[in-house]
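K.L.:
Per TrEMBL, the features are:
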TRANSMEM  34-55  transmembrane segment
TRANSMEM  61-82  transmembrane segment
DOMAIN    177-379  domain 'Peptidase S26'
ACT_SITE  S198  active site
ACT_SITE  K254  active site
Amino acid sequence: MSVVSLPSLMAARRTVAQREAYRRLRWRERLTSLWAPVLIVAAALFPYMTLIAYVPPAASWAQPLMKGLGLLMVTYYVVLWVRRGILSTWFQARRAAREQLDESERALARAQAKQALAAGTGELVAEQALKVEAASVRGDADVLHGEVKLLSALTERHLGAFRKESTVELFGGVAKFLLIALVFRTACVEPYRIPSGSMLPTLHIGDFVLINKFIYGVRVPFANVVPFVILRPPARGDVVVFNNPVDTSADYIKRVVGVPGDTVELFDGVVHINGQPQARQLEAPEFVVHDLADGTWFERREALSREDLGGVSHAVLQTPTRTPRHEGPYVVPDGHVFVLGDNRDNSADSRHGLGRPGGYGEPAYVPYGHIKGKALVMWLSVSHGGLLHGLFGGTGLRVDRFFEPVR
């Protein structure tokens, strides 16, 4: 016996007018779903991330477009959320209708799979499902509620034995979802929230960044192993997120300064690689940054410089009152990188054992297998200042940092 789904039975019975009304209903629901602005941003974000990664100059014109789109979608989301609050009765009825239609479809499929479907049952269910659809098109919550109750009763009467989802189906659905999520996070993109000020001024506490998991090679989950490099290994200047080899319960974000075979030294904060000083220019002797301690924001004044590292120009901070000192030399072993925070005097990085207790002054290097990926773009920032910061102890929505490339 051939299996005919409930959507197929319904489609065969729709008139031309019903098909057009159903098409409009589907589009209306797509555009008024809270997922709509999220999916629109996601659709634009992937080509934007590709531009940032492979055509960096394009970010100068692409970022304002993405920022404008992001602000528009935030407004769109708020409008949809308010609309749902105003029309809560209708949205509850429509959600109940979708759930009942899905349940009736699954029960019908189970009955057919077990060849236990009585003649005419599918047609009866399809006719009532079309009445639910018609009530949805009309937009009357009371009528829709009544038609949903009739569909539920009809499904119970004819397909009651097949309404309950089997344990295998339940766990199969959950396993499929988890597998897709795991593959996506392992091989494509992963979000990361900046927890500290060690990467100031490049990254602020409360910035949310997206990590390119593909560029260096796909890590074997839970094993800290990268079997092969896909595009290239980590390079000087890359901002990377890694699982701390000293404390594997923590993920850190730092900038790669030394690659395998490099000898790294710092003379009064100036990085030397293989004996060559990296270009550095002081931009502001007293630059104000905001850090966070025990939930309270406070100001610090640091010397702001512009550093060129492997062709990557980026900002660094250094405490002006620190006495000149020499750090290193640090020889980077094969298969590892040497990392520093851009906030050079306030960072638990490779110079200080990556935060190992008592590890100040003892170097620690990051194995390739611990690197999760390269930070590409900020997609959200909830940091000091910004919108509504007066209501939340100085923390606000930093729309000025939306979709800013991580450099």
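Any Cβ shown, glycine's included, is placed from N, Cα and C.
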K.L.:
Sort out the residues at least 6 away from either end of the transmembrane segment (34-55), same chain, that have Cβ-Cβ distances under 8 Å to it, and list them.
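P.N.:
Counting only partners 6 or more residues beyond its ends, the transmembrane segment (34-55) has Cβ contacts under 8 Å with 62, 66, 69-70, 73-74, 76-77, 80-81, 84, 189, 210, 212, 215, 374, 376-377, 379, 403, 405.
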K.L.:
Rounded to the nearest angstrom, how far is the Cα of K254 (active site) from the Cα of S198 (active site)?
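P.N.:
Cα-Cα distance, S198 (active site) to K254 (active site): 8 Å.
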K.L.:
Going by DSSP, is K254 (active site) sitting in a helix, a strand, or coil?
P.N.:
strand
K.L.:
Between S198, K254, which of the active-site residues has its C-beta surrounded by the fewest other C-beta atoms within 10 Å?
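P.N.:
Each of the active-site residues S198, K254 was scored by Cβ atoms within 10 Å; lowest is S198.
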